[in-house]
């Protein structure tokens, strides 16, 4: 009998501790936050590096595992009477052929199988401009989309779909959620007439406004796409109002202890900032590419102060089941993608790695810019005239090239991964002084991230002395003429005007190249960059491009 009573007692204790009834909220209110960021179209499984999973490799991640995990946590917490919130911190677009072909359509369809409660836009959501974003916003109608530091008054269709903040009305508490995207997003993508401002200032203003709208709100979460370093600044500047920051953009690994994956953590999960006001601000991020699902339960007191917390990111390895609804919904998309991408468009006899393109001349960049030149005329024109083209100079920023090419056949999917942004290849007149300024700007990054703007080129020969001060590093610069015979060079004349070719993103001032936006004249659109690349591959394969002295670096 004593054994039976003891067993019943333990059972009752188990029920009480695993079924958090509403009275628990009289002392502490638990809230579970599930979060993802920088998904980058990893609908399918990947290898541990986030690349397509090949035979023999360990396959992890994929949307089916992510959404299985989200659904499972929600159900488990409901049984305990713990409320939950599913947050997406942006950059769902771009990164695989699934997005290149399916764009907003596949992204919204599959995300809506278990839509986030709240989402902020990342910079890559703007990769195809306002026209590429609006259908996504219209289809994500079950998700609150928040961006407080964006002024959309000049883009009214966007303004209809995005708020600075939202108030999530749960059973036991109302929770304010404010969104911010990296302030420099116009330099990273095509944002149309949208304007952006400082993240912290926008958060403080939104916090005041949401409390006016609902004075009962004393828990505020920021969902950000600004990077971990900026998140820490936000915690410092807004910590009197903000309790939790759910971040993205920097693909940061936060984990307490040894993580289950191969990544090395940058800091604990969560990162804790003790604000002078007495608030404890928790900062979290869940790596990228569907490798992890963030899982944090926070316990708040009656005043909305963080008392304690528990949880860790969940690794999406093979132990995690895959959601059947997601797998079924992916089947027609996979068939379409396979049909479009398995066509052979060229061949390279050498590997063409992308990694070095951010700091030195690379063969991949030579191939890419040569294809841009070919879109406006080739050297074969010298057979019938005294000039071979109207635009003998081309350049592209390293950040435009998103994948390496490997020795062997080049599939359409390979070209698509290399050149996914569908910018126009444009020619325009540019003063020599501004051409030189663009090259100086490309060789003056302030940090590793800014190396994406390093220019690869065709029709230019430049020598940089990197020991000299920024914006004064060019020691020699020659430009190709359009006069036959092909490939003649002369010294740059800063007072002369040159006809150059670049992606439309650069010509529009993207990545900070404001001189191209402000001084370009007689702009001529030719074709999409991917089409220019494929046409060149078909014409000249097999290829064996190499570094050939277009860029010389002196240290």
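Here the Cβ of each residue, glycine as well, is placed from N, Cα and C on the backbone.
According to Swiss-Prot, the signal peptide annotation covers 1-25.
When other Cβ atoms within 10 Å of the Cβ of residue 38 (divalent metal cation 1 binding site) are tallied across all protein chains shown, the result is 28. According to Swiss-Prot, the feature divalent metal cation 1 binding site maps to 38, 40, 91, an assignment based on similarity to another entry.
Residues annotated as divalent metal cation 2 binding site in Swiss-Prot, with similarity to another entry given as evidence: 38, 91, 123, 225, 249. Proximity of residue 225 (divalent metal cation 2 binding site) to non-local residues of its own chain (separation of 6 or more, Cβ distance below 8 Å) is seen for 37, 89, 90, 91, 120, 121, 122, 123, 180, 181, 182, 247, 248, 249, given in sequence order.
The DSSP secondary structure for residue 105 (N-linked glycosylation site) is helix. Per Swiss-Prot, the feature N-linked glycosylation site maps to 105 (among others); the stated evidence is sequence analysis.
Feature annotation from Swiss-Prot assigns site 'Transition state stabilizer' to 124 (among others); the stated evidence is similarity to another entry. According to its DSSP assignment, residue 124 (site 'Transition state stabilizer') is helical. Around residue 124 (site 'Transition state stabilizer'), a 10 Å sphere centred on its CB holds 24 further CB atoms from the protein chains shown.
Taken from Swiss-Prot, the feature site 'Transition state stabilizer' applies to 127 (among others), supported by similarity to another entry. Taking the Cβ of residue 127 (site 'Transition state stabilizer') as reference, residues of its chain lying under 8 Å away and at least six apart in sequence are, in sequence order, 93, 94, 189, 190, 420, 421.
What Swiss-Prot lists as N-linked glycosylation site is 198 (among others), and the listing cites sequence analysis. Under 8 Å, Cβ to Cβ, and six or more positions away along its own chain, residue 198 (N-linked glycosylation site) finds 149, 183.
Positions annotated as N-linked glycosylation site by Swiss-Prot: 295 (among others). Residues within less than 8 Å, Cβ to Cβ, of residue 295 (N-linked glycosylation site) and separated from it by at least 6 positions along the same chain comprise 32, 33, 34, 73, 311, 312, 313, 314.
As annotated by Swiss-Prot, AMP binding site applies to 358, 402, 421, 505, 511. Neighbour density for residue 505 (AMP binding site): within 10 A of its CB lie 25 other CB atoms from the protein chains shown.
For 465 (among others), the entry in Swiss-Prot reads N-linked glycosylation site. Residue 465 (N-linked glycosylation site) counts 16 other C-beta atoms within 10 Å of its own C-beta, drawing on all protein chains shown.
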Name the one residue among 358, 402, 465 whose Cα is closest in three-dimensional space to that of residue 40 (divalent metal cation 1 binding site); these are the recorded positions. 402
Chain-mates of 38, 40, 91 with C-beta within 8 Å of site centroid, divalent metal cation 1: 37, 39, 90, 92, 93, 94, 95, 122, 124, 248, 251, 288, 289
If you count other CB atoms within 10 A of each CB, which of 40, 249, 358, 402 wins among these binding-site residues? 249
Nearest to residue 505 (AMP binding site) in three-dimensional space, by Cα, is which of the recorded positions 38, 105, 124, 465? 124
Largest inter-residue Cα distance among 358, 402, 421, 505, 511 [record-listed AMP binders, Å]: 18
Could you tell me the C-alpha distance between residue 465 (N-linked glycosylation site) and residue 38 (divalent metal cation 1 binding site) in angstrom, no decimals? 36
Out of 105, 123, which has the highest number of nearby Cβ atoms, where nearby means within 10 Å of its Cβ, if these are the recorded positions? 123
